[in-house]
Amino acid sequence: MGHRWLTDHSWNRPSWTVADLEAAKAGRTVSVVLPALNEEETVGSVVETIKPLLGGLVDELIVLDSGSTDETEIRAVAAGAKVVSREAALPEVPPQPGKGEVLWRSLAATTGDIIAFVDSDLIDPDPMFVPKLLGPLLTCDGVHLVKGFYRRPLKVSGAEDANGGGRVTELVARPLLASLRPELNCVLQPLGGEYAGTRELLTSVPFAPGYGVEIGLLVDTYDRLGLDGIAQVNLGVRAHRNRPLTELASMSRQVIATLLSRCGISDSGVGLTQFFADGDDFTPRVSSVSLADRPPMTTLRPR
């Protein structure tokens, strides 16, 4: 199945033009969501690459703010996006922290039949990111989730490894999928933040908390629709702010908890304890993990 899927559900050199995809919309509407938390340095340039699509391929461009304390909102608005706070997106539900929460709330703040998610910390993103993500959804029957894949450069101490990024993906997510959901081995970037889905799908599945959201959506889609409901598209190169290993370890803990949950395996629910050098001593710090999904949005906002 994996080999066939790579042939007919994976695009390495997609040839769609924006005009082709506009014609393929056939009355469907498209929303683009940028989740953001203190991304003043990059959010404006990401918005600027998508704004030219407004009024044509894209009907709605929203930055969903997760409580930024910098100039994220100011710069996003100046670049041409509508900014919605996590509180305003779903005022009847008190917000929780984390990326999964913001993406879940974005379903209530948008109206598109198709929703594309793009991370707001990207550096020099290709203006074709969104069109490529939309391609399979607009041109192929039965596809409900499209994942982007790409080369991921990593900068460390001034040096760059052209393919060294995606450390949590390569060290945690893909090995675990090989063990627990081997059918998803063919998905190159299971944790990638650039993806698109139909509202029909996204509002019918739970959203995992924090950085578990991407792996949760992927496994839930596979369990509901099989590989034929998923596609992937080559977006070229994706560069963003590289995070320190301490942050990636906390992220990994949430990814593991979510994947175990989706596979019916009990997780301890115990947070990750990390030890930080302090002179000759080591100071423990604990980062929490959450096992509490948000319910399908259709249970709160039936369409």
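Positions of Cβ are set from backbone N, Cα and C atoms, glycine also.
Listed features, source Swiss-Prot:
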BINDING   35-39, Ser66, Lys99, 119-120, 211-214, 238-243  UDP-alpha-D-glucose binding site
BINDING   Asp121, His240  Mn(2+) binding site
BINDING   Gly166, Arg167, Val168, Thr169, Asn242  (2R)-3-phosphoglycerate binding site
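Feature map: Swiss-Prot annotations on the structure.
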residue : record                               : DSSP class
Pro35   : UDP-alpha-D-glucose binding site     : strand
Lys99   : UDP-alpha-D-glucose binding site     : helix
Asp121  : Mn(2+) binding site                  : coil
Gly166  : (2R)-3-phosphoglycerate binding site : coil
Tyr211  : UDP-alpha-D-glucose binding site     : helix
Arg243  : UDP-alpha-D-glucose binding site     : coil
Intrachain C-beta neighbours of Glu214 (UDP-alpha-D-glucose binding site), sequence separation six or more, cut-off 8 angstroms: Pro190, Leu191, Gly192, Gly193, Tyr195
Distance [Cα-Cα, Å, rounded] between Asn38 (UDP-alpha-D-glucose binding site) and Asp121 (Mn(2+) binding site): 9
Residue among binding-site residues Lys99, Asp121, Tyr211, Arg243 with Cα closest to the Cα of Arg167 ((2R)-3-phosphoglycerate binding site): Arg243
Nearest recorded site to Pro35 (UDP-alpha-D-glucose binding site) by CA-CA distance, among binding-site residues Asp121, Gly166, Val168, Thr169: Asp121
Nearest of the binding-site residues (Asp121, Gly166, Val168, Thr169) to Lys99 (UDP-alpha-D-glucose binding site) - Cα to Cα: Asp121
When distances run from the Cα of Asp121 (Mn(2+) binding site) to each of the binding-site residues Gly166, Val168, Thr169, Tyr211, Arg243, the nearest one: Arg243
Winner by Cβ contact number (other Cβ atoms within 10 Å) across the binding-site residues Pro35, Asp121, Arg167: Pro35
